[in-house]
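Here's what Swiss-Prot has on this protein:
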type     : residues : note
MOD_RES  : A2       : N-acetylalanine
REGION   : 2-21     : region 'Nucleolar localization'
CROSSLNK : K20      : SUMO2 cross-link
CROSSLNK : K39      : SUMO2 cross-link
CROSSLNK : K43      : SUMO2 cross-link
CROSSLNK : K191     : SUMO2 cross-link
CROSSLNK : K394     : SUMO2 cross-link
CROSSLNK : K413     : SUMO2 cross-link
CROSSLNK : K413     : SUMO1 cross-link
CROSSLNK : K424     : SUMO2 cross-link
CROSSLNK : K433     : SUMO2 cross-link
REGION   : 446-514  : region 'Nuclear and nucleolar localization'
MOD_RES  : T458     : phosphothreonine
CROSSLNK : K467     : SUMO2 cross-link
Amino acid sequence: MADAEVIILPKKHKKKKERKSLPEEDVAEIQHAEEFLIKPESKVAKLDTSQWPLLLKNFDKLNVRTTHYTPLACGSNPLKREIGDYIRTGFINLDKPSNPSSHEVVAWIRRILRVEKTGHSGTLDPKVTGCLIVCIERATRLVKSQQSAGKEYVGIVRLHNAIEGGTQLSRALETLTGALFQRPPLIAAVKRQLRVRTIYESKMIEYDPERRLGIFWVSCEAGTYIRTLCVHLGLLLGVGGQMQELRRVRSGVMSEKDHMVTMHDVLDAQWLYDNHKDESYLRRVVYPLEKLLTSHKRLVMKDSAVNAICYGAKIMLPGVLRYEDGIEVNQEIVVITTKGEAICMAIALMTTAVISTCDHGIVAKIKRVIMERDTYPRKWGLGPKASQKKLMIKQGLLDKHGKPTDSTPATWKQEYVDYSESAKKEVVAEVVKAPQVVAEAAKTAKRKRESESESDETPPAAPQLIKKEKKKSKKDKKAKAGLESGAEPGDGDSDTTKKKKKKKKAKEVELVSE
């Protein structure tokens, strides 16, 4: 029998089911309609997490510390807040018109929306147009962080004399990158001090040699004066130049492509809501403040820890559910709830590696609390000792502040440690110690100086000692003479006193006669 040839057929690879990415319109509808929440379970979400809204985007890629927590019904998804809260915790990406100042524009929006407080990130000069982020009420807490964010501009520079082609202008623009010295222009809203501002990138878009106009794009640090940059361009080219027109195309996270709205849009949206109760246009015009924080590293907290943070508690590791990769010490991060609401801005005190290895400790310190207090219920003071303390206050064994009284059991006094009092004592002790330490330091410094001066002094020569002895002997003689005269008062003393009186009288008479 001939050997039968065995033919091995190649295995069919099963194709992985690829999730079809939905069109943007459908995603927007789903985001506004459904409830989005990081649930205490490890099931895959229905909608791809890359299409989840705002700060919950790609939450499944965050490092998981624990999935166990008790969800609370309080709070809501930023996109599904009630219209009043939605506006009070929102911002507008406004296309600023030419001529009115930034402060005027912001005041008009405050009047249109009928809110108490508005603020803007990075002032634009009256003639400058473009991206102006207007923060409303609660969102004004983020103004500082947005003011210091990078900016992008498109400007037109007019040269005073002709140059050969646009290559010279593009070279000059490339030269004026990096850290530059700038003094604000003559007409400026700030003090005219020399300062350093960084230009990250710049490029020429177009140059018209007939009209001597150049269009350029600049990405720069906050507080850079483009007018001054245009003057410097003219000086560098040797022909002189000035800024003709300017538009801001990006401010921090928001650009002019991110649904920028005009003043008319805001006015129309408010009119529709007032007259037809249609809030859909207002929701398009105003964005939740969480959109400004999408570039920050995230830290997801348990619902039970949220209100404590709003009251200024330390961000401790047991309250953390998830954390992002690449967190560094002293980096600005955003602390969020499981529903994607921003609780506060914080400064990280642990890196991602330390968070993953530790089981206790302070993760970050609060920089700015964003969320309103008591949005979530209070969940502190529910431990065994705290519960016992509350019961004893009810029974009258402790006073209303939880301090021991005459009727307090001896066992409680011995066992219970009031950490708030111990902390106060430590602070008082430190305050008392501080002046003592300062006094001791001053004494030691004095001693050092004295010892140094003594060591620096040379031994005195013999003639100086002789002089000192002579002076002493003279003093002793005078003292003895004084004692003798004091012991035996004679007529001489009375004569001298009489003479003095006569002299005084004579002087007085002379003065009167003059």
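Glycine residues also receive a Cβ, built from the backbone N, Cα and C atoms like all the rest.
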Would you mind listing, in sequence order, the residues at least six apart from K191 (SUMO2 cross-link) in the same chain with a Cβ closer than 8 Å to its Cβ? P184
Cβ neighbour count within 10 Å of K413 (SUMO2 cross-link): 9
CA pair K413 (SUMO2 cross-link) / K39 (SUMO2 cross-link), Å rounded to integer, equals 43
Looking at the region 'Nuclear and nucleolar localization' (446-514) alone, can you tell me the average pLDDT? 56
At the Cα level, what's the spacing in Å between K39 (SUMO2 cross-link) and K394 (SUMO2 cross-link), rounded? 38
